[in-house]
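Written out below as structure tokens is the structure these notes cover.
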Amino acid sequence: MPKLLVIFNIIYPLQSLKKDTFNFWWSFQKWKYNKTMSGLRQVLDGKIAIITGGASGIGAEAVRLFTDHGAKVVIVDIQEELGQNLAVSIGLDKASFYRCNVTDETDVENAVKFTVEKHGKLDVLFSNAGVLEAFGSVLDLDLEAFDRTMAVNVRGAAAFIKHAARSMVASGTRGSIVCTTSIAAEIGGPGPHSYTASKHALLGLIRSACAGLGQYGIRVNGVAPYGVATGMTSAYNEEAVKMLEEYGEALGNLKGVVLKARHIAEAALFLASDDSVYISGQNLVVDGGFSVVKLMTT
């Protein structure tokens, strides 16, 4: 038998065995994951959620967490490739993507319609889309950047609250609306001027919407992060993330833990679920006590 054929006859079965071994390993990992999740109390089982800004950062972590807890999620974002890839990675039976510019009310209304037509209802809105302008002196405040920040962070949230609440009221759904605010909604100093103004305004909107929607059984709350490394706060390469996390930890009150996007998603999950059934109008601050014990110093 020629030497080349002998080598082929030896290697091919080994490659086939390697492939079979990998397939077995991968099947086992999926079985183990499903077994773990089946033992988890799924606090959003059967719920339908919209997550804005859901393609990356806090939003993407929330998409993963909400679907792990039984929800079907519509990822709303302008980052189409990231959003589509995230939906595919989770499974299109659990997550789907809808491209939407939150500053365009028609886009917002259509995103809610898409969700209701696809799933029959809407239970949860996590309004998380936001922008952060560069730090600078108020003496040099860029009013065009100010308008853009307010348009995304406040007007966009207002449009989604409006249309999500309309859907919930029409279907008699006792829903939950959660908005990503910031510790900059509680104090001045930690954030850029336009961002701080927008988050103060958003917190006012949350409290006002809470008053208006309570009669329908709809809860409205905010979740307020301390500094967390996401694509909005850094270029999101390893070096930038590490630097931002080290900076946040050095300034933070709670030592020994680094705030991650996952921690904010977990707070949003609590507010979205019936575990917080009698909580409304609140701003759940996830800052390790930073905002109540000291102010940021320069």
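Placed from the backbone N, Cα and C atoms, the Cβ positions cover glycine too.
Annotated features, as they stand in Swiss-Prot:
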BINDING   50-74  NAD(+) binding site
BINDING   SER182  substrate binding site
ACT_SITE  TYR195  active site, proton acceptor
Check your understanding: In sequence order, which same-chain residues at least six apart have a C-beta under 8 angstroms from GLY70 (NAD(+) binding site)?
Key -> GLN42, VAL43, LEU44, ASP45, GLY46, LYS47
Check your understanding: If you run the three-state DSSP split on PHE66 (NAD(+) binding site), which class comes out?
Key -> helix
Check your understanding: Do any of PHE66, VAL74, TYR195 (recorded positions) have a CA within 10 A of SER182 (substrate binding site), and if so which?
Key -> TYR195
Point to revise | Between ILE50 (NAD(+) binding site) and the residue listed as 'active site, proton acceptor', the C-alpha gap once rounded to whole angstrom | key: 23
Check your understanding: Which one of these binding-site residues, ILE58, ALA62, has the sparsest Cβ neighbourhood, judged by other Cβ atoms within 10 angstroms?
Key -> ILE58
Point to revise | Three-state secondary structure, ILE58 (NAD(+) binding site) (per DSSP) | key: helix
Point to revise | Candidate with the highest Cβ count within 10 Å, taken from the recorded positions PHE66, TYR195 | key: PHE66
Exercise for review: For the residue listed as 'substrate binding site', name the DSSP secondary structure in the helix/strand/coil scheme.
Suggested key: coil
Point to revise | Neighbour count (Cβ, 10 Å) for SER182 (substrate binding site) | key: 30
Revision key, fill the gap. For TYR195 (active site, proton acceptor) and PHE66 (NAD(+) binding site), the CA-to-CA distance in whole Å is 27
Exercise for review: By Cβ count within 10 Å, point out the most packed of the binding-site residues listed: ILE50, GLY54, VAL74.
Suggested key: GLY54
